[in-house]
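First the structure, in the form of structure tokens, and then the observations on it.
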Amino acid sequence: MSSQKQLEGMIFDVQSFSVHDGPGCRTTVFLNGCPLSCKWCANPESWTVRPHMMFSELSCQYENGCTVCHGKCKNGALSFNLDNKPVIDWNICKDCESFECVNSCYYNAFKLCAKPYTVDELVQVIKRDSNNWRSNGGVTFSGGEPLLQHEFLHEVLLKCHEVNVHTAIETSACVSNEVFNKIFNDIDFAFIDIKHMDREKHKEQTGVYNDLILENISNLANSDWNGRLVLRVPVISGFNDSDENISDIISFMHKNNLVEINLLPFHRLGESKWTQLGKEYEYSDKGDVDEGHLEELQDIFLDNGIACYVGHVTAF
């Protein structure tokens, strides 16, 4: 009799020796899929669960006469200009399931943004890395939004706790109450993002309203969950750094007895990924957040009795 097939999850990266994603030295697992579409997103390749392709012009050897991908795309998504440079029709490419261009490329110019793992395969990676953590570390599930693959994640979490692996999550909390509560039963530490307190402004820049997000955070804060919760705010000048929004965040935290927040200054490190996905990056001209302004925001939280960490300087 054949054994039951294991659940598979789609993962776009696994990083060992992460020191900014929770207490101690950790393995961070990046799961595909996200209900948000933040205009500043550093990991836009994570938005869909299904595999899709990225193209790096810097890795492509078209200028050296390489033609290995010519004629490989049977769907007509791939053509070439007079300089031999690949030209991609992303409207066709997004529905591809065969990825002949990826399979043909010697130089990783075409690459997939998702790799399937079974539960046991991923747990084996985590257990292997646990030799590096010893008692100080664990695994952090990030994304994308890891809760979108909640059935797979739940099975992995159960196996992690069987071998006493500390579990953390980085989440938008933008999932149903049922899914959120089920997963958090097996979470020891959490970063949860608050992009903006105003629901309309939140939707304008992320594609979704924030009602469900705030509801899940409130429910968690007022439950008997005994893990550690740190809110995170990606600080973006002109979007969510106003006195009004900061005051609203503080009021929300006081109302729910939340005591820790992490301010992450905006960066453009993911811009090249947008180009590789054929997407327009609207934040290319957005300036960095002034360090002095970040210190002012930090002082406001501290003056209101909230532990506030800036960037990767956290109390771990």
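Cβ atoms here come from the backbone N, Cα and C positions, even for glycine.
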Legend entry - Candidate from His267, His293, His312 that Swiss-Prot assigns to the same S-adenosyl-L-methionine site as Trp40, Cys41, Ala42, Gly144, Asp193, Ile194, Lys195: His267
Legend entry - Cβ-based neighbourhood (8 Å from the centroid) of the [4Fe-4S] cluster 2 site, residues Cys60, Cys66, Cys69, Cys105 excluded: Gln61, Tyr62, Thr67, Val68, Pro86, Cys101, Ser104, Tyr106, Tyr107, Ala109, Phe110
Inset, instruction - Report, as numbers and ranges, which residues of the same chain sit near the domain '4Fe-4S ferredoxin-type' (84-115): CB under 8 Å and 6 or more residues beyond its ends. - result: 10-12, 32, 45-46, 49-57, 59-63, 65-69, 72-78, 277-278
Inset, instruction - Using Ile194 (S-adenosyl-L-methionine binding site) as the reference point, find which of the binding-site residues Cys41, Cys60, Cys105 has the shortest Cα-to-Cα distance to it. - result: Cys41
Inset, instruction - Measuring C-alpha to C-alpha, could you say which of the binding-site residues Cys34, Cys38, Cys60, Cys66, Cys69, Cys105 are within 10 Å of Lys195 (S-adenosyl-L-methionine binding site)? - result: Cys38
Inset, instruction - Could you check the binding-site residues Ala42, Cys105 and say which one's CB has the fewest neighbouring CB atoms inside 10 Å? - result: Ala42
Inset, instruction - Could you put numbers on the helix, strand and coil content of the domain '4Fe-4S ferredoxin-type' (84-115), residue by residue per DSSP? - result: 9 helix, 7 strand, 16 coil
